[in-house]
Amino acid sequence: MTPRKKLEGLVAATITPMTADGQINLPVIRQYVDYLVNEQNVKNVFVNGTTGEGLSLSIQERKQLAEEWMCQGKDKLDHVIIHVGALNLPECQELARHAAAIGAGGIAVIAPFFFKPTNKDELVAFLQKVASEAPEVPFYYYHIPSLTGVKIRVEELLDGIKAQIPTFQGVKFSDTDLLDLAQCINKNETGEFEFLYGVDEQLLGALAVGANGAVGSTYNYLGQQTNLMLQAFAKPDLALAQKYQFLTGEFLNFVIKLGFGVAQTKAVMTFVSGIPMGPPRLPLVDASREFIVKAKAKLDSIVWPDGD
């Protein structure tokens, strides 16, 4: 059996393309894969997560999207990670079994966020019941307390987790608590776990404490620039890496003030890539024309280092 290639570098949190009437637009995925690989130099994807409106999709839609990403990404993408989290255990387990059946490179799960786990043991018990349905598939915990309200520290979660979840591979760490992330990485002396940072505008700080890579929405359309930041950091050329991070932050700071979420991300990806991402699904509403005009002007005005 070929050893698994380590997941590192950039992972695009994929957008779910939709038609004007709100149906998933599967034929666009092929073009989307080619764009990520050829234009952004991003060869890893995280499907059906927050950016992909995963919790707003039906189970059948999520399966269809997972299958299409696996099909179109074959021989082009290095890793396809499928988010299988849901509000109830049976649906998580069904999605985990499906991801395993189609050959996904990994599965990830958020904490359930209506009836919430209140301590580490409750959370691990839930995650174990999902992971056990895909016993050969690397398993990631998707830590995003700002949306789930589950604030159990990942450092605490790691203690003994491999014994309970043998497939545990790492964490998609979408939180600003770099102390927690640093303690996780400090504990990971053997390097068996992967820590992928999920707050794009703070990636450089996460790299400084040892993050392996990143999962984020901006890597759909700023992947090339962020890859150059990773290269600069690795040299190391900290001043150049900072320049890339500051410019990414300048754009995000601008659009956040306008109101920036999944709907606006779809709009930005559409005007940058030329691939129609369509509207979001209610209760989210489409980005305004004013947002699109201002965001495009701002992005066009940024002069990246080396003329990129």
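Even glycines carry a Cβ here, placed using N, Cα and C.
Where the annotation comes from TrEMBL, it is an automatic prediction and has not been curated.
What TrEMBL says about this one:
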type	residues	note
BINDING	Thr51, Val215	pyruvate binding site
ACT_SITE	Tyr142	active site, proton donor/acceptor
ACT_SITE	Lys172	active site, schiff-base intermediate with substrate
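Structure with TrEMBL features highlighted.
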residue: Thr51; record: pyruvate binding site; CB count, 10 Å: 25
residue: Tyr142; record: active site, proton donor/acceptor; CB count, 10 Å: 26
residue: Lys172; record: active site, schiff-base intermediate with substrate; CB count, 10 Å: 28
residue: Val215; record: pyruvate binding site; CB count, 10 Å: 28
Report, in whole Å, the straight Cα-to-Cα distance of Lys172 (active site, schiff-base intermediate with substrate) from Thr51 (pyruvate binding site).
14
Whole-number Å distance between the CA of Lys172 (active site, schiff-base intermediate with substrate) and the CA of Tyr142 (active site, proton donor/acceptor)?
5
About how far apart, in whole Å, are the alpha carbons (Cα) of Tyr142 (active site, proton donor/acceptor) and Val215 (pyruvate binding site)?
10
